[in-house]
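Okay, so here's the structure we're looking at.
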Amino acid sequence: MQNADFSRNLLQWYQHHKREMPWRGELDPYKIWVSEIMLQQTRVDQATPYFQNFISLFPTVYDLADADQQQVLKAWEGLGYYSRARNLHTAAKTVVEEYNGKVPESYDEIIKLKGIGPYTAAAVTSIAFNAPNAVVDGNVIRVLCRYFGIEDDTRSSKTSRMIQEEADELIDPEHPGDFNQALMELGSEVCTPTNPDCENCPVQAGCIATKMSKTEVIPYKSPAKKKPHHIIGVGIVENEEGQVLIALRPEEAMLGGLWEFPGGKQKEDETISETVERELHEELGVEVKAYKELMSLKHAYSHFSITMHAWFCKLVNGTPSPKESQEIKWVKTEELERYPFPKANKVLTERLINDKN
DNA sequence: AATGCGGGGCT
DNA sequence: AGCCCAGCATT
């Protein structure tokens with residue numbers, strides 16, 4: 001199948017099957033940019049409500065550049081990969097300060113911005129500026145590996161380069177934005193990881209994996225490393241005014257800029273209440289008594305999983321001061337909603353708020 | 001080239 | 001329980 005036929009078939013299919021998305025048809029490169037950052041490693045359905053809310057809070061790149069990081073992280077709360085939000089915020093300031101508020105139009109310029117890599121640079125320039133740069137995301141990797149019969153390990157960077165070259169060769173220079181989106185949509189809706197709907201694929205005629213009955217083994221991805229599991233103990237420290245103590249995670253740490261209940265990993269030969277008491281001594285320089293468990297929960301992060309035990313604590317001796325965290329704060333239960341928390345801690349705040357009522 | 005970085009939905 | 005998702009930054 002020639003490139004022109006591939007593109008014609010693909011774009012015709014796309015015209016009839018494309019899903020509605022709030023950023024589709026959007027001409028403002030800032031909004032395209034925001035959508036693409038949110039869509040990194042994130043499904044359309046999960047990102048959509050966040051996009052609506054984010055744009056209503058920060059309608060222009062100036063609004064975003066002027067915002068506090070805490071506002072930006074609050075808007076990102078629950079979406080994950082929070083470095084995306086911090087980098088997007090940084091990049092918005094760069095665009096305002098160094099590009100006069102205009103998103104740079106060239107691939108080589110836009111990729112210099114924090115949080116914009118090869119995928120996002122190609123996506124924004126092709127969709128917003130009609131530049132013939134091919135995107136390679138998880139969908140495109142799957143579609144092109146099958147179409148060209150590439151059986152190499154998709155985890156290796158050599159394979160990524162090969163797929164990028166194929167995509168650059170294949171892209172329709174007349175309709176780069178639609179071509180890119182159509183290829184991703186095809187991967188999402190037809191050329192799915194399991195049980196691809198090959199009978200309804202617009203480019204099935206040229207697909208090697210279909211011809212060889214290898215759609216179930218292509219793309220090949222080498223096995224992932226097993227994730228470790230940790231037991232975590234955290235303390236809910238209350239004072240006489242009914243406030244609880246929360247801590248701000250350091251900027252450079254995982255979940256940087258988000259708030260949490262202080263705590264840490266259980267050690268061998270230690271009960272979980274002892275863990276809480278030891279961790280709070282190390283992190284806040286105080287002596288506490290962990291006297292009652294609030295709840296426990298399981299949570300999976302990107303590279304490890306935890307079982308978290310949350311214990312109510314009484315302050316026995318000392319005044320809390322931030323040691324490992326950037327800042328600490330006493331807040332009323334109903335004020336917890338103002339602060340950005342990662343998921344596992346968010347569950348705890350909701351439990352505290354509900355128990356109060 | 002390899003690793004760290006969230007959370008949710010599907011299998 | 002594991003896999004995947006409109007990946008990027010850092011080492």
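Numbering starts at 1 and runs along the chain as it is shown here.
Glycine is no exception: its Cβ is also placed from the backbone N, Cα and C atoms.
A quick note: this is a predicted structure, and the numbers were derived from the prediction, not measured.
Annotated domain 'Nudix hydrolase' per TrEMBL: A:227-354, in sequence order.
For A:Arg249, A:Glu260, A:Phe261, A:Pro262, A:Gly263, A:Asn345, the entry in TrEMBL reads 8-oxo-dGTP binding site. Taking Cβ-Cβ distances under 8 Å and a sequence gap of 6 or more within the same chain, the neighbours of A:Asn345 (8-oxo-dGTP binding site) are A:Val234, A:Leu258, A:Trp259, A:Glu260, A:Phe261.
According to TrEMBL, the feature Mg(2+) binding site maps to A:Gly263, A:Glu283. Under a cutoff of 8 A between CB atoms, and with a sequence separation of 6+ in the same chain, the neighbours of A:Gly263 (8-oxo-dGTP binding site) are A:Ile232, A:Gly233, A:Val234, A:Gly235, A:Thr275, A:Val276, A:Glu279, A:Leu280, A:Glu283, A:Met308, A:Ala310. DSSP gives A:Gly263 (8-oxo-dGTP binding site) a strand state.
Those same-chain residues not listed among A:Arg249, A:Glu260, A:Phe261, A:Pro262, A:Gly263, A:Asn345 yet with C-beta within 8 angstroms of the centroid of the 8-oxo-dGTP site C-beta atoms are A:Val234, A:Ile246, A:Ala247, A:Trp259. Most Cβ neighbours within 10 Å, among the binding-site residues A:Glu260, A:Pro262: A:Pro262 holds that distinction in the structure as shown.
Counting every protein chain shown, the number of other Cβ atoms lying within 10 Å of the Cβ of A:Phe261 (8-oxo-dGTP binding site) is 25.
Here 8-oxo-dGTP is bound by A:Arg249, A:Glu260, A:Phe261, A:Pro262, A:Gly263, A:Asn345 per the record. The longest Cα to Cα distance in that group is 12 Å. In the three-state DSSP reading, A:Arg249 (8-oxo-dGTP binding site) counts as coil.
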